[in-house]
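S.K.: Sharing a structure here in C-alpha cells format.
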Amino acid sequence: MKGVTIHNFCYSYFKVCLLVMSLAYGSAEWDGSSSQIAKTIIVNPNDARYFKTVQSAIDSIPLQNQDWIRILISNGIYSEKVTIPRGKGYIYMQGGGIEKTIIAYGDHQLTNTSATFTSYPSNIIITGITFKNKYNIASSSSPTKPAVAAMMLGDKYAIIDSSFDGFQDTLYDDYGRHYYKRCVISGGIDFIFGGAQSIFEGCTLKLRVGIYPPNEVYGTITAQGRDSPTDKGGFVFKDCTVMGSGKALLGRAWKSYSRVIFYRSMFSDNILPIGWDAWKAKGQEGHITFVEFGCTGVGADTSKRVPWLTKASEKDVLQFTNLTFIDEEGWLSRLPIKF
C-alpha cells in the first residue's frame with residue numbers, strides 16, 4: 001500500500017472541508033463534480049484569511065469567466081450594495097439560509113438604481129440568501145417610493161431557498177429565464193415586477209399592506225411587463241402560497257401584453273375579490289393573459305373577478321407550468337447543484 005503524502009492528505013482534507021461547508025450552507029447541494037465547480041472562495045468578515053465583503057469576492061473573479069465559481073457567504077448581515085457586472089457569469093452564491101445570511105441596504109427613489117443586489121450576466125445560481133431593501137419596512141413615516149431588493153437582468157438564473165424582502169418593487173425580475181424555488185418574496189406594491197420569463201415554484205408571497213406605511217389602502221403582488229405578442233416573458237406561480245397582512249390584487253398590467261399565471265396555488269383572504277387591474281393596458285384587456293387555474297383558499301373564489309380574466313384549459317396552462325417554458329434546452333439539469 002502506498003504511503004499517504006502531504007499533498008494527498010491536504011487535497012483530501014480540502015475536499016472534506018468543502019463537503020461539510022456545502023451541507024451547512026442551505027439545502028441545495030454541490031454534486032461533487034470538480035469539473036463543474038472550478039473554485040470556491042469564502043466571505044467571512046471575521047476571518048482575515050477570507051474576503052470581508054460579498055462585493056470584494058465578486059470583484060476577484062476575472063472578466064469573461066467561463067467556469068463555475070462558488071462564493072460561500074458566512075452567516076451574518078452584510079450592509080452593502082452588491083453588483084455582479086457584465087462578463088462575470090457562472091457565479092454560484094451560497095449562503096447559510098434566509099435567516100442567517102442577509103444582504104441589506106436602504107437605497108430608494110429609482111427602480112434601476114436602488115437595488116440592494118443587481119445581477120447583469122447570464123448563468124447565476126443563488127441559494128440560502130436574503131436580499132433586503134430596508135426602506136419603508138421599519139418606518140411608517142417615510143413616503144412610499146421604489147426600493148428594490150434585487151434586480152435580475154441576465155439569462156439562466158436558478159434561485160433556490162432564498163428571500164427577497166421589501167415594500168414597493170421588491171423583486172425587479174426584468175430579463176431572461178429564471179427559476180425560483182422555495183423562495184419567500186415580501187412586499188406591498190408591485191413587489192414582483194418586470195419583463196422576465198420566470199417560474200416561481202413552491203414560493204411564499206407575503207403581503208405587508210397596511211403596516212408599512214399604513215396609508216396604503218390595498219397592494220398589488222405582480223406588475224408584469226410583457227410588451228408584445230411575440231414576447232416570451234411571463235410570470236408563472238406554481239404551487240405557491242399567498243399570505244400576509246392587508247388586501248391586494250394578484251396583479252396589474254404594467255405593459256400591454258402582461259402575462260401572469262397562478263397554478264395550484266393557495267390564496268388567503270388577503271386577495272381582493274376583483275383580483276386584477278388592467279392598469280397600463282386599459283382598453284387592451286384582450287391582450288392581457290391573467291390566469292388562475294386549480295387554486296385554493298378563501299381568496300381563490302373567482303366569481304367576482306374582472307370579466308376579462310383569461311379562461312384557459314389545463315392543456316393551455318401546462319405549456320407554461322412545465323419547466324420547458326424556461327428550459328427547452330435543459331440548462332437547469334446541467335447546473336452544478338441539486339435542488
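Placed from the backbone N, Cα and C atoms, the Cβ positions cover glycine too.
Positions annotated as signal peptide by Swiss-Prot: 1-28. Residues or ranges marked as N-linked glycosylation site by Swiss-Prot: Asn112, Asn322. Marked as substrate binding site by Swiss-Prot: Thr116, Arg252, Trp254. Annotation comment: Swiss-Prot describes Gln168 as site 'Transition state stabilizer'. Sequence annotations record features per position, and here Swiss-Prot assigns active site, proton donor to Asp169. Annotation source Swiss-Prot lists active site, nucleophile at Asp190, citing similarity to another entry.
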S.K.: Looking at Cβ-Cβ distances, which residues of the chain lie under 8 angstroms from Asn112 (N-linked glycosylation site) while being 6 or more apart from it?
M.R.: Met151
S.K.: Measuring Cα to Cα, how many Å separate Asp190 (active site, nucleophile) from Arg252 (substrate binding site)?
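M.R.: About 8 Å separates the two Cα atoms.
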S.K.: Would you measure the largest Cα separation among Thr116, Arg252, Trp254 for the substrate site and round it to whole Å?
M.R.: 24
S.K.: Expressed to the nearest Å, what is the distance separating the residue listed as 'active site, proton donor' and Asn322 (N-linked glycosylation site) at their Cα atoms?
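M.R.: Cα-Cα, rounded: 27 Å.
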S.K.: I'm trying to understand the geometry here, so how far is the Cα atom of Gln168 (site 'Transition state stabilizer') from the Cα atom of Arg252 (substrate binding site), in Å to the nearest whole number?
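M.R.: It is 14 Å, counting Cα to Cα.
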S.K.: Long-range same-chain neighbours of Arg252 (substrate binding site), Cβ under 8 Å, sequence gap at least 6?
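M.R.: The answer is Asp190, Thr220, Thr222, Ala223, Ser258, Trp276, Asp277, Ala278, Trp279, Lys280.
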S.K.: In whole Å, how far is Thr116 (substrate binding site) from Asn322 (N-linked glycosylation site) when you measure between their Cα atoms?
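M.R.: Just about 31 Å between their Cα atoms.
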S.K.: Would you count the other C-beta atoms found within 10 angstroms of the C-beta of Trp254 (substrate binding site) for me?
M.R.: 20
